[in-house]
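Notes for the one structure printed next.
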Amino acid sequence: MSTAVSARAKTGDTEEAPLLQVRDLHVEFRTRDGVAKAVNGVNYSVRAGETLAILGESGSGKSVSSQAVMGILDSPPGFVTGGEIMFKGRDLLKLSNEERRKVRGAQMAMVFQDALSSLNPVHTVGTQLGEMYRVHKGSSRKDAKLKAIELMERVGIPGAKERVNQYPHQFSGGMRQRVMIAMALALEPDLIIADEPTTALDVTVQAQVMELLGDLQREYNMGLILITHDLGVVADVADKIAVMYAGRIVETAPVHELYARPAHPYTRGLLDSIPRLDQKGQELYAIKGLPPNLLRIPSGCAFNPRCPMAQDICRSEVPPLHAVTEQDGRALPGRGSACHFWKETLHG
Amino acid sequence: MGRYVIRRLLQMIPVFIGTTFIIFAMVHALGDPVNALFGDKAPSPAVAAQIRDSLGLNDPLWVQYLHYMKGIFTGDLGTTFSGQQVTALLASAYPTTLKLTAVAFTIEVVLGIGLGLLSGLRRGKSVDTLVMVMTLIVISIPVFVIGYVLQYLFGVKWGITNATVGYGAPIGDLILPGFVLASVSLAYVARLTRTTVAENSKADYVRTATAKGLPRWRVVTHHLLRNSLIPVITFLGTDLGALMGGALVTERIFNIQGVGYWLYQGILRQNTPTVVGFVTILVVVYLLANLLVDLLYAVLDPRIRYA
């Protein structure tokens, strides 16, 4: 654990308190079949103006950990069983439900994956946007609508004055996602969590939406957590990446270093399975096996049954997040790998 | 929208003609109304023939029907064999039944949706189990059993309300019959609401509403309940007609002189004008209620468009 702490210390968060600091977060789902350990001791931090990408497959705990931060975990069956979520100097887990509610939407907001199902089908877009001002600021109906129009113009929805009275199903996929972003942006929160914001969109629209998110983040100097399984989406936008596997962060790195030199076999496997033009005609690499069942996470390193480098120690000992260094011992700021053989992975 | 309403209203014409003819024919098939008029004592053939002739019962069925329809369009629903104007009967019976139905409907909506919401939000908890068991019991027991039992308990044994409904059917007297009339529908509404609430509480837009920092109550009323009520309203609309027809049993139990009472009398005496008159109005009410629900549907769910 001591190495884990030192790895975090080197990310530079010591200079000023980060906007959000998640420490040793544990989340479990108590189901009929047993307890599924969805998040097992996750640490990360985001500063104002910074973008953290959390990368992982379905079931890796990336969405669940962010839902826990947001306080919208489906509970029961989901429970936060340990850790701290420090946000602007307060531990969110110690707040009352009502205090927590006032943080949601106003200080931290969330953009969801599928805007069609995430927007209420029976209310107009204007009503749903205006609701933010009505509830949090006590604005009048009329003011809220004007603000909603302003917001829609802000996120580049043409004809906002007319479209404010339309329903979500009357919008295209890209425009709907803009509405979602507008809703998150409404009260100018300090932190936006975007849970796979572009997964449901066409590739061309994906780029536009990511660009919009990036622009708005810079303009308002917000912290942004980008949850995704798509390595391509994050490359241009994120500052740093945390790769999650079976409820743990297995590697952290500044974005371009991760792509150039992964220090965890899982990350390497992910990068190798991206189709590349220069490998045309060759069989595409795939990580063998399946993600683990969260009811029965393998002992030791959860990735060991799928790992080409697995040794005995991987089956018995959970690797902590080692601080990653160059071969000559020079520190690599912000880099960490939860692999017993990170040196071999990175340098060998 | 306007065109849709007009089309729906026009559709009512064949339905109206069809139902009235079927009722007319069915009552006719019951047997000789003149014999029924005299009860156990058979009338002399000469008298019977004279009555039959004066009421036009010797004409073919379709002629009788046309004759009747002509009457309807001039506002004359005929006279009962005892000489009362059917329209006068309707005017005295319908307000009473409407009042009873309104009471029952209110109870059904308020209790049904309330209990359904409660149990849907607290799925698997003891409240939920209690509501589920209670509604199942209500659904499985015949209405007249519930009616007589409650009448005995509340009206006779404990004396909390009047056992029967007094003259003019005051609202206070109608609460118990209204509850009995609503009981089964209420149970269905509660179960339907529970299912849709439970289903929708997992919906993405409910999660979004929570993530927006809305108070729990607002999430439930503005987002969850609003969507969950769409199928419930459909059921309520079709049930409105069923309630009025179902009042037959309840009205008998509590001695309410409404539609059910007169319909029962009409069928007993094979009194075609009474039966057809009352049923016709029931049919019209039912059709209008359905139209209203379909229109309300579009208000509740903007994704629905009428073409």
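Yeah, the Cβs are placed from backbone N, Cα and C, and that goes for glycine too.
The domain 'ABC transmembrane type-1' annotation in TrEMBL covers B:94-297.
TrEMBL lists B:12-31 (among others) with the feature transmembrane segment.
Panel annotation: around the transmembrane segment (B:100-118), residues 127-128, 131, 135, 169, 171, 174-175, 177-179, 181-182, 185-194, 197, 220, 225, 228-229, 232, 236, 239-240, 243-244, 247, 250-251, 256, 258 of the same chain, lying at least six beyond its termini, place a Cβ under 8 Å from a Cβ of the stretch. Annotation source TrEMBL lists transmembrane segment at B:100-118 (among others).
Residues annotated as transmembrane segment in TrEMBL: B:130-154 (among others). Within the chain, the transmembrane segment (B:130-154) has long-range Cβ neighbours (under 8 A, six or more residues past its boundaries) at 115-116, 118-119, 160-161, 163, 176-177, 179-181, 183-184, 186-188, 190-191, 194, 246, 249-250, 253-254.
If you look at the transmembrane segment (B:174-192), the same-chain residues 6 or more away from its ends with a CB under 8 A from one of its CBs are 99-101, 103-109, 111-113, 115-116, 119, 131-132, 134-136, 138-139, 143, 146-147, 150-151, 154-155, 161, 165, 231-232, 235-236, 239, 242-243, 246-247, 250-251, 253-254, 256. The transmembrane segment annotation in TrEMBL covers B:174-192 (among others).
Per TrEMBL, the feature transmembrane segment maps to B:232-254 (among others).
Look at TrEMBL and you will find B:274-300 (among others) tagged as transmembrane segment. Distant neighbours of the transmembrane segment (B:274-300): 1, 5, 8-9, 12, 15-16, 19-20, 23-24, 27, 68, 72, 77-78, 80, 86-87, 89-90, 93-94, 226, 229-230, 233-234, 236-238, 240-241, 244-245, 259, 262-263, 265-267, 306; these residues of the same chain sit at least 6 beyond its ends, with a Cβ under 8 Å from one of its Cβ atoms.
Cβ atoms under 8 Å from those of the transmembrane segment (B:12-31) belong to residues 61, 64-65, 68-69, 72, 267, 270-272, 275-276, 279-280, 283-284, 287 of the same chain, restricted to positions at least 6 beyond its ends.
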